[in-house]
Amino acid sequence: MELVESRDWFIICYCDHCSVKLVEQELWQREEKGLIGILPVRDAAEMTSMDSVLSQGVGSESGERSSKVQISTSDAHKVDGKSHPEVIHWHKRGVAARALHLSRGVEKPSGRVTYIVVLEGLCRFNVEELSTRGPYCTAKISSLEMTKAEMEQVEQDPDFVTLSRQFKATAMELISVLEQKQKTGGRIKVLLETLPLHKLADIFVASFEMSLEEQLSMLDSVDPKVRLSKATELVDRHLQSIRVAEKITQKVEGQLSKSQKEFLLRQQMRAIKEELGDNDDDEDDLAALERKMQSAGMPSNIWKHAQRELRRLKKMPPQQPGYNSSRVYLELLADLPWQKASEEQELDLKAAKDRLDCDHYGLSKVKQRIIEYLAVRKLKPDARGPVLCFVGPPGVGKTSLASSIAAALGRKFVRISLGGVKDEADIRGHRRTYIGSMPGRLIDGLKRVAVCNPVMLLDEIDKTGSDVRGDPASALLEVIFVATANRVQPIPPPLLDRMEVIELPGYTAEEKLRIAMQHLIPRVLDQHGLNSEYLQIPEAMVKLVIQRYTREAGVRNLERNLAALARAAAVRVAEQEQAVSVSKDVHKLASPLLDNRLAEGAEMEMEVLPMGVNNNEISTAFKISSRLVVDEAMLEKILGPPRFDDQEAADRVATPGVSVGLVWTNFGGEVQFVEATAMIGNGELHLTGQLGDVIKESAKIALTWVRARAADLKLAPAEEKNVLQGRDIHIHFPAGAVPKDGPSAGVTLVTALVSLFSQKCVRADTAMTGEMTLRGLVLPVGGIKDKILAAHRHGIKRVILPERNLKDLVEVPASVLSNLEILLAKRMEDVLEQAFDGGSPWRQHSKL
């Protein structure tokens, strides 16, 4: 906006024609130019820095002089083809300036003429009054500049001196930075030394990029101290932005120079290798990789994807971050056995059955299921087989069964352990965008075994976990495999639904004996460099190891104890050295050369070999004087005193309040003792032994039933209605470090409480299991086979079971049932009748 000199008021016009006319009349045609003013304008829609030009007036029509300026605008606001004056938001303060240069452009064919005006700012002013007259607007102004005396007084102010020094130091620092970059700092230094600081602040700030609000704030800063403070802040901000830009530029230039240096060195290295005839550079490696990919036999869709990735790799420089990950990915594709497969033998069911019998003793049900699977594959090779999951305690042969399946099919076997896996990427594989991404365990297993059709065993599938990184079990839904687990409960239901569960409950003592004699002892001797000529373990000693040193469902601890015996024998063999005597039948050596050498007293080296022994069999000539036969004394010397005793149950139940239960754990069935005692108190029940909520509820149900039937069972005199009067009951499950839970201890708890109140001991040869209701019914429980095997291992002779568990006895080996008396119970009274000598204690009157 232009403001020109007028004799009356400020004149405002709203069209380009008026603006050009004012410039022509007041500036172009007049020889003496007046002062020009700059007045900022605020637009209603957006904040812009449109400037208005003001010209100092020379007088009114009456000849009076006044400080009045004329204003015009070059903007027009049009709506529906009609021009309307737009609302102008004038700023109250502006800058007086002098026109230094005015130039007129070439007139266009439309008659439009443009002007260029160069102004020099002089001082600030304030608009006092605005009024409208016709198409123009007039205003009165007042100067805001200090007088010379006022300025001298301000310059003596200590605050102003401090601000001046601070501004000068910041400005000099900025000039030094600009001088290094643009080599134009000399002229600015001269201005800094000659001009007053309050004016220099305006000059410095005018060259910075600022918002409209910051510009208006500097314009309104009449006080020199305020102006210097704001100017110092703006100069410092500009300096910091230059430094940040320099750091970024230096960093980028450093990276570029490093890349250029590496590129130059690689080019030089390539030229040197070409001169030497050494062609093992990256291009040759990529060519070798391409040849390897071509010979891998990939499917067509995979090959197209691999080609696209290879073309992308060739265009990437080796120092690019994604180069290594792409190359590792292509190398993996080239290494996978796309077309390599195991040559399957023709399925011979008899040979497969013989192989299973040779590798495993017992497990007839499991072997039969495997033979059925092989028979189906023989009749329909392309049939989709089931997903077998072997479930059982440790050491019962789950992993070796999978290996036997692979041997029967003539395929390679690979085992993948899933214990502790919590990230599904460990199974599927990581995304290639991750640093250090690796293929999943399944792909890695295929790469290791180098065939595309192995028997893949996923071991310990129940040990996988899930967290924020995903659920590995969901990834396993996409895979066909043979799996193993110790328990079924932790396996997610969707995954369990896709598998056929085959349970391996454990071995009897007779089965363990046969396994030890046929499999474990030969393997242990071979692992320790021994044979039957060095160490003999009689069958009777193996029985003692099973009875006294191991109580487990599998045979791992049994193998460890046998290995301890083998190590002791290995020490004896290694320490004992026996000279090999020469047979008396060796003929006398007759040789003239030998006689001459002996006559001369020369030393000779001779090697004496027993007759019939060649160089390859020399090691068999050194024998120990007698074979080591393991006896009972040697067992105690090597394995220590017996850890288990058949008299344990009798010793534990020698006092009233103790009963013997049967429970199921991750390691198979176990015998669990339940102890109850009474003490002076207020009728409270105390439970210890790291118990779960279910077993705690079973204890409360058992105590309630006993209290309700106390009179019928004659556990208290008729005059005592409450057996807990003045007493507390404490029930404890020994082995407190082992967590315990489940409903199958209900009948055991009732038996212990009845024994406590009746002061009659439970039979030491009797163990029991079963859930009990509040009305005294005995409900069926699970794990019957494991529990009966555990009772048999502990020397129990009588087992009380729920009547509805009779069907589960079919799975128990006949050899075990023949050594046990199975007692069935429908109600709790039936359990008590069998648990005590002479029947239930309700026939006698007894009190605590």
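Backbone N, Cα and C atoms are what each Cβ position is placed from, and that goes for glycine too.
Per TrEMBL, domain 'Lon N-terminal' is recorded for 1-239.
Annotation source TrEMBL lists region 'Disordered' at 52-83.
Every protein chain considered, the tally of other Cβ atoms within 10 Å of the Cβ of GLY397 (ATP binding site) stands at 24. Taken from TrEMBL, the feature ATP binding site applies to GLY392, PRO393, PRO394, GLY395, VAL396, GLY397, LYS398, THR399.
As annotated by TrEMBL, domain 'Lon proteolytic' applies to 653-838.
Annotated active site per TrEMBL: SER744 (among others), in sequence order. Neighbour count (other Cβ atoms within 10 Å of the Cβ, all protein chains): 27 for SER744 (active site).
With a cut-off of 8 Å between CB atoms and residues at least 6 apart in sequence, the same chain places LEU662, VAL663, TRP664, GLY669, THR769, VAL799 near LYS787 (active site), listed in sequence order. TrEMBL lists LYS787 (among others) with the feature active site.
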Are there residues of the same chain, six or more positions away from GLY395 (ATP binding site), whose CB falls under 8 angstroms from its CB, and which are they?
GLU552, ALA553, GLY554, VAL555, ARG556, ASN557, GLU559
Packing count at GLY392 (ATP binding site) (other Cβ atoms within 10 Å of its Cβ):
25
Cβ neighbour count within 10 Å of THR399 (ATP binding site):
18
Sorted by sequence, non-GLY392, PRO393, PRO394, GLY395, VAL396, GLY397, LYS398, THR399 residues with Cβ within 8 Å of centre, ATP:
PHE390, THR484, LEU504, ALA553, GLY554
Which whole-number value in Å describes the distance between the Cα atoms of THR399 (ATP binding site) and SER744 (active site)?
30
Rounded to the nearest Å - Cα separation of PRO393 (ATP binding site) and SER744 (active site):
19
Whole-number Å distance between the CA of GLY397 (ATP binding site) and the CA of SER744 (active site)?
28
What is the interatomic distance between the Cα atoms of GLY392 (ATP binding site) and SER744 (active site), given in whole Å?
20
How many Å lie between the Cα of PRO394 (ATP binding site) and the Cα of SER744 (active site)?
23
Inter-residue Cα distance where the pair is SER744 (active site) and LYS398 (ATP binding site), in Å:
27
